[in-house]
Amino acid sequence: MNPVPAQREYFLDSIRAWLMLLGIPFHISLIYSSHTWHVNSTEPSLWLTLFNDFIHSFRMQVFFVISGYFSYMLFLRYPLKKWWKVRVERVGIPMLTAIPLLTLPQFIMLQYVKGKTKSWPGLSLYDKYNTLAWELISHLWFLLVLVVMTTLCVWIFKRIRNNLENSDKTNKKFSMVKLSVIFLCLGIGYAVIRRTIFIVYPPILSNGMFNFIVMQTLFYLPFFILGALAFIFPHLKALFTTPSRGCTLAAALAFVAYLLNQRYGSGDAWMYETESVITMVLGLWMVNVVFSFGHRLLNFQSARVTYFVNASLFIYLVHHPLTLFFGAYITPHITSNWLGFLCGLIFVVGIAIILYEIHLRIPLLKFLFSGKPVVKRENDKAPAR
């Protein structure tokens, strides 16, 4: 069994926070991109589309690697049932809190913005359910996926731990070439599964809950397990924290392939299957790029960094409705895309930080948006003198 490191690995905390906060420029740039979203500017920006595609191509793959790393660390710290309970509470409670407080008002706002309030009563019961599944889960999808992954890893992590007890982990050797082949095969396997579903019963792919619980989990689970293995095997972790020109070049070429597929691919053909193969290996290579960069520049303790590490989840949760509000009611009054993008960042981040500070002063909200029970210090219980 692995001992839990005594020293906090600050660069992983920082990377996870930055990846979370990157969701803000990602969604604001989506307004000004050529991609169709809930709200869009009159004229798309080529550079903001490119910026949006870059973030989208790797962000969540790297995020789930870090999530798997810390999840296995806690797996060794707690008994199995407590581990599952703690992990599910920390992601499930914020998700369930955000649905009535954030995504439901967001959905109602969009119904009015897009003029769909009159057509809602005419939808079938299934269409209403499916629309609500997509719109209420919305940007919270990764929290739902983490709940599913945590439940699956009750069995997976037990198998990994049992196998480690019966083998010598020091003899395990990893190479980026071997990992690249494995993830290429995983990407092809995912593409085959998706294409098979598309042939057999295509409507299921547009089902929101099936997409989140099955397809997203299936795609990101290898990255989650890779993170756990990086915690177990120092050699594997060193492989990611050591800069590699090969990984950087491969990631750049994969991103070009991703852009070409976005530009020339067709959803009725093989666009989504091709994208899954590209982003599977691109995500792996970007783990090296991001980890090595973060290990070199972010591996330190700072009060300012700690603040945003703690605030990142809350800011991410509230940024989405704020972004859509900005896109619906403010974007039409700003003619410049870049000026609108910068104003959007200031608007969303500024209000999100204010809301974060307010929620810190309300114990119930602090618990609901973090999933962590409020622990009173002994000093707080002592009578004043």
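Every residue number used here counts from 1 along the chain in the order it is shown.
Note that Cβ sites are derived from N, Cα and C of the backbone, with glycine treated the same way.
Here Swiss-Prot flags 17-37 (among others) as transmembrane segment, drawing on sequence analysis. Sequence-remote contacts of a segment are chain residues at least 6 beyond its ends whose Cβ falls under 8 Å from one of its Cβ atoms, and for the transmembrane segment (17-37) they are 44-46, 48-49, 51-53, 55-56, 59-60, 62-63, 66, 139, 305, 308-309, 312-313, 315-316, 319-320, 323, 326-327, 331, 337, 340-341, 344-345, 348-349, 352.
Under the heading transmembrane segment, Swiss-Prot lists 60-80 (among others).
Taken from Swiss-Prot, the feature transmembrane segment covers 91-111 (among others), and the record attributes it to sequence analysis.
According to Swiss-Prot, the transmembrane segment annotation covers 137-157 (among others), on the basis of sequence analysis.
Sequence annotations record features per position, and here Swiss-Prot assigns transmembrane segment to 173-193 (among others) based on sequence analysis.
Positions annotated as transmembrane segment by Swiss-Prot: 212-232 (among others). If one looks beyond the transmembrane segment (212-232) by at least 6 residues along the same chain, the residues whose Cβ comes under 8 Å of a Cβ in the stretch are 2, 60-62, 64-73, 75, 133, 137, 141-142, 144-145, 148-149, 152-153, 156-157, 160, 164, 169, 179, 183, 186, 190, 193-194, 205, 240, 276, 280, 283-284, 287.
What Swiss-Prot lists as transmembrane segment is 239-259 (among others).
The transmembrane segment feature in Swiss-Prot is assigned to 274-294 (among others); the stated evidence is sequence analysis.
Residues or ranges marked as transmembrane segment by Swiss-Prot: 311-331 (among others).
Here Swiss-Prot flags 338-358 (among others) as transmembrane segment. Away from its own ends, the transmembrane segment (338-358) comes close to residues 24-25, 28-29, 31-32, 41, 45, 48, 311, 314-315, 318-319, 322-323, 326-327, 330-331 of its chain (Cβ-Cβ under 8 Å, at least six residues beyond either end).
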Closest-packing stretch to the transmembrane segment (137-157), where packing means Cβ pairs under 8 Å, from 60-80, 173-193, 239-259, 311-331: 60-80
Long-range neighbours of the transmembrane segment (239-259), counting only residues six or more past its ends (CB under 8 A): 50, 53-54, 57-58, 174-176, 179-180, 230, 275, 278-279, 281-282, 285-289, 291-293, 295-296
Long-range Cβ neighbours of the transmembrane segment (173-193) (under 8 Å; 6 or more residues past either end): 218-219, 222, 226, 233, 235-236, 239, 244, 246-247, 250, 273-274, 276-281, 283-285, 288
